[in-house]
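Trainee: Below are the structure tokens for one structure; questions will follow.
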Amino acid sequence: MTVGEAAARRAIALAAAPGAVAPVASAADGPALDVLADLVADGDVVVLSGAGLSTESGIPDYRGETGRKRRATPMTYQTFVSSEEARRRYWARSHLGWRHIARATPNAGHWAVAALQKRGLLAGVITQNVDGLHQAAGAHGVIELHGSLDRVVCLGCRRRSSRRSLEDRLHAANAGWDAKALAFNPDGDAVLTEEQIASFRIVDCLDCGGVLKPDVIFFGENVPRPRVDECFALTERAGLLLVLGSSLTVMSGYRFVRHAAARGIPVAIINRGPTRGDADALLKLDAPLGTTLTALVRALPRTAPRTARAAEPGTPA
């Protein structure tokens, strides 16, 4: 029996105990964390991260610990493309909200994921977040499932440009517009009054005059098929799918959990509150992301992944 198989049996035993989900009051210790460390130590881990990983960086999520949808209603793709008024509303709110996102810095959870990758334990990182904080912490090869707020795309000519260059244009077009955000919602959305929105001027593509859209996937918009296929292929190669800070409410991320579980690939989840994938998980930790991931990194041996060591000539499996 390999160490990973032993860890899996321990996880099954935990799940069979009273209270199938393993809540962790203190992320620094506990049998559930020990089991997770054993699973991660085998390597080939694919991380699937969600908004809950970035809340400790000051970026709110959509649902919170209860899993219930927040009051803020996200922009849909159909509304954005069909209504200039909707686009004005979006860009006015996002013009202020982007500053909040751009100032955010990686938290302990992001740094821990980067540390796992540096140790050679990760096969890849898939994120549902659009804030770029994984990369800011040093992670590389991150698949941005829902795109990134730091890019803009023209819906006419498909030209992509930087968000910062658009912000310069919006600032110039709205000289004297001194609106202050009443609050911040997820994905760089600031709460403004109707009067503030009505006076905001939007700009079009410099090349073709087309409609500009943030290079992110809106609700009601499909993730490009090649990107989805890349995520499925990565999931199939995983030794463990580790879900971090996602309620998995939308199918966009949950499908990879189902894909892994259907193929016998173990799934572990760290999240505050329930998730749609709890029944598919071998192990679930209801715990803070930053402290738990930091404790996980500390609990791991500072050696190559067991899978890599087992592949070396003369190394016992």
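Using N, Cα and C of the backbone, Cβ positions are placed for all residues, glycine too.
Automatic prediction, not curation, is the source of TrEMBL annotations.
When I checked TrEMBL for this same protein, it listed these features:
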SIGNAL    1-27  signal peptide
DOMAIN    22-303  domain 'Deacetylase sirtuin-type'
BINDING   Gln128, Asn129, Val130, Asp131, Gly245, Ser246, Ser247, Asn271, Arg272, Gly273, Leu289  NAD(+) binding site
ACT_SITE  His146  active site, proton acceptor
BINDING   Cys154, Cys157, Cys205, Cys208  Zn(2+) binding site
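Show me how these features fit into the structure around them.
Mentor: Cβ neighbour count for Val130 (NAD(+) binding site): 25 (other Cβ atoms within 10 Å of its Cβ, all protein chains included). Secondary structure from DSSP puts Val130 (NAD(+) binding site) in coil.
The Cβ of His146 (active site, proton acceptor) lies under 8 Å from the Cβ of Gln128, Asn129, Val130, Val216, Ile217, Val223, Ser252, each of which sits 6+ residues away along the same chain.
All protein chains included, Cys205 (Zn(2+) binding site) registers 19 other Cβ atoms within 10 Å of its own Cβ.
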Trainee: Return only the integer: C-alpha distance in Å from Arg272 (NAD(+) binding site) to Cys154 (Zn(2+) binding site).
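Mentor: Cys154 (Zn(2+) binding site) has its Cα 37 Å from the Cα of Arg272 (NAD(+) binding site).
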Trainee: Can you name every residue in this chain, apart from Cys154, Cys157, Cys205, Cys208, with its Cβ inside 8 Å of the center of the Cβ atoms of the recorded Zn(2+) site?
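Mentor: The answer, listed by sequence position, is Leu155, Gly156, Arg158, Arg159, Asp204, Leu206, Asp207, Gly209, Gly210, Leu212.
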Trainee: Highest CB neighbour count within 10 A among the binding-site residues Cys154, Cys157, Cys208, Leu289?
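Mentor: Result for the most crowded candidate: Leu289.
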Trainee: How big is the NAD(+) site in terms of the longest C-alpha to C-alpha distance among Gln128, Asn129, Val130, Asp131, Gly245, Ser246, Ser247, Asn271, Arg272, Gly273, Leu289, in angstrom?
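Mentor: This binding site's residues have a maximal Cα-Cα distance of 22 Å.
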Trainee: Rounded to the nearest angstrom, how far is the Cα of Cys205 (Zn(2+) binding site) from the Cα of Ser247 (NAD(+) binding site)?
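Mentor: Between the Cα atoms of Ser247 (NAD(+) binding site) and Cys205 (Zn(2+) binding site), the distance comes to 36 Å.
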Trainee: Measuring Cα to Cα, how many Å separate Cys205 (Zn(2+) binding site) from Leu289 (NAD(+) binding site)?
Mentor: 40
Trainee: Under 8 Å Cβ to Cβ from Gly245 (NAD(+) binding site), same chain, six or more residues apart: give me those in sequence order, or none if nothing qualifies.
Mentor: Ser49, Gly50, Ala51, Gly52, Leu53, Ser54, Thr55, Asp61, Gly109, Ile270, Asn271, Arg272, Leu289
